[in-house]
Amino acid sequence: MRIGVYVCHCGLNIAGVIDVSALEEMAGELEDVVLAREVQFLCSDSGQEGIIKDIKDNKIDRVVIAACSPRLHEKTFRHVMEKADLNPYLMEMVNIREQCSWVHADDPQMATQKAFDLIRMGVAKARFLRELSATSSKASRNVLIIGGGVAGIEAALNLAEAGFPVTMVERESTIGGKMALMNEVFPTNDCSICVLAPKMTEVQNHPNITLYTYSEVTDISGSVGKFHVRVTRKPRFVLEDKCKGCVDLCSEVCPVEIENPMNYGIGKSRAIYMPIPQSVPQVVLIDPDHCVGCGLCQLACPAEAVDYEQKPEEIEFEAGAVIVSTGYQLFDASRKKEYGFGKYPDVITNMQLERMLNSAGPTGGRVLVPSTGQPPESVAFIQCVGSRDKTVGNEHCSRVCCMAALKNSQMVKERYPGTDITIHYIDIRAAGEMYEEYYARTQGMGVDFIRGKVAEVYAGEDGRPVVRYENTLESRVEEEAHDLVVLSTGYEPSKAAEGIGRMLNLARRPDRFFASAHPKMRPVDAPVSGVFLAGCASGPKEIQVSIAQGSACASKVMQLLGTGELEADPMGAHVDPDKCIGCRTCVEVCKFGKISIVDKKAVVDEVSCYGCGDCSAACPVGAIQMRNFENEQILAQVRAATAHKSQCPFVVAFLCNWCSYACADLTGMSRIHYPTNIRVIRTMCSARINPEFVLEALKGGADGVLVAGCRMDECHYIHGNFDAKKRMDVLKEIIKEIGLDPKRLRTLWISAAEGERFSNTITEFVKELEEIGPIGSELKREYTATGLEEVAK
């Protein structure tokens, strides 16, 4: 083995504190190191060229780069390895800038010692580095889109135009979602169906789109590139290829009246009906729960499209990626009994008002008081019904309700100028483009706004609904009767979402909508590879945001499936079948469902493995390992650190790449100092930290161990830090049982932005360890190493 060590000056960023020449000399004396060199700027063109020349001239087969953070330049130096015809994963970076020179400028001597310790740890790991290469596999270019609302439509058209085959599955009998039911849309007051209908028709007619309406996804298995999908098409009892959409002929003869689900209880339809006039496809359906089987519609249909014997149809296909655009459902206003919905006919929801305002809706665009059939002279809107409300379990804001109420109040005012309109609100949230102007315009039209919660709605002596409310701006409780009360109901995840979430193993937010991989950096990526979230599937949002997310999802899919092949990250998990005992521990630990048991052995889906390492930490026999973060590699770092204990107390820290290690980097960038007593080992996730690593550090002489990961509920692998915390909590009890002070193991759950807190934690931990004393000092008998060794076994 021939290892080359390179130490970067980084101008004075490193060399201004650390004795770089001494590092070069000490590194050159390490076992297996055949070349050690200090360079002004390793990342410069000349620096990179020098490394390439050295590798070729000296037949170097491993490289250690002591410079800045691997989060900054790891890819840079991997490319250098490739140019030198060396496998890029035979290089290890050592962070002596952000986590050494920048945080220990007040103690150059110990900073130099710490830097050498880190280099020694890097060389120890380098001895166990293996050649890694990305593997590729064929991927289906077909894309499954679940949900045919505006977000799904936008994604489908973007993909289809780019040449990708798309299969759209919509559980309702028409695509278009809630937008297709609305009258006009804010803030421009465009006719909703006028702008949406052309896109709906384009979806139906596009040669690259296969559309299944009145259908549900019943099973999804497999993983990115090769999802196996099963869809059930429910019977319409009308043949799609024969129906001409001439609904009047069949509907007129039907003797049964029903409530059209698209009208939310306003008006009536027949048992054979068209969902909305602009339905896509233009095909009627029969409601089997109310149809009496009289046969009149079948006799009236000139196309012979009615088929009472139609059965559910099962369809199976492959998809390379999935876009979840399942939308939302409206809060059931009857759950707020104090508002009288379902009890008083003149208390309706905002969506019912939308259907009244729609010229193609059940009332032909007229707003009518249900009890009288006449236009209202006074209307009250009550905001936040079923949102921002702990009593119904919905503490979140539904984001759109304020603007929807403003829009509908404008519509009522325009059609019935003499109508008095009052909006009862907690806060008006008008934060989008042109929203504040829209709010001002509504006020200018004479709409009254009263800040405060509504206590109840009850029937007055004349039968009209009376609103009892607080006026917080005037500190009064008042009552007022209205002809019509409109409840602005909140948004909840759609009925389909729960099943889809189970099939795809999607995480949920506290508001029960699907959680993205990261709310800021990866807002449309699901935590599962090959799955993307668009529109209200990931929470309430406006139409324009849903459209933007549909386009974003399409772009992500194009990047993923553009070549028809998928490249697996070589640093995922892999199983040694000779060691595996088929215990299923890894299967249960992997929340992403990427491990299965085949022939009594664990098998990892390496193409879609996330690389968190949770499975590896849980494996009782060490059969499953994380490439580049294998047990022997990390243990080599631990032993190299503790074998030359350069100060007391001595702390070994395991930091996750995404938050705690990034936080340590930020601490350095902010020049926030902390004691030199800490030696950091990076893992991708805190879940990778095997209790064996901690015990090995303590057995080797470390006075304390710090395990740090992302804040709870913010782990980049969703569940990783929860599993890490459980393991460390148990380990603290074990440490206590063998006679050591459990305070020697400290955990920290921190964001990447909390540099001051990171520094304070290190400082406090070192002081605490000074009070406890050197490792084993609290024991009456000398059995520390023996006890730890037994526990490790």
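Placed from the backbone N, Cα and C atoms, the Cβ positions cover glycine too.
The [4Fe-4S] cluster 1 site in Swiss-Prot is built from CYS243, CYS246, CYS250 plus one of CYS191, CYS194, CYS301, namely CYS301. Site annotation for [4Fe-4S] cluster 3 in Swiss-Prot covers CYS580, CYS583, CYS586, and the matching candidate from CYS553, CYS612, CYS619 is CYS619.
According to DSSP, the secondary structure content of the domain '4Fe-4S ferredoxin-type 1' (233-264) in residues is 10 helix, 4 strand, 18 coil.
Fewest other C-beta atoms within 10 angstroms, among the binding-site residues GLY147, PRO165, are seen around PRO165.
Cα-Cα distance from ALA156 (FAD binding site) to CYS619 ([4Fe-4S] cluster 3 binding site): 42 Å (rounded to the nearest whole number). When the domain '4Fe-4S ferredoxin-type 2' (282-311) is classified with DSSP, helix, strand and coil residues number 5 helix, 3 strand, 22 coil. Here the domain '4Fe-4S ferredoxin-type 2' (282-311) has long-range neighbours at 173, 214, 235-240, 242-247, 249-256, 258, 271-275, meaning same-chain residues at least 6 beyond its ends whose C-beta is under 8 angstroms from one of its own. Applying DSSP to the domain '4Fe-4S ferredoxin-type 3' (571-600) sorts its residues as follows: 5 helix, 7 strand, 18 coil.
Secondary structure at ILE153 (FAD binding site), as computed by DSSP, is helix.
Least crowded of the binding-site residues (VAL150, LEU159, MET168, CYS246, CYS250), judged by neighbouring Cβ atoms within 10 Å of its own Cβ: CYS246. The Cβ of CYS580 ([4Fe-4S] cluster 3 binding site) lies under 8 Å from the Cβ of LYS601, ALA602, VAL621, ALA623, ILE624, each on the same chain and at least six residues away in sequence.
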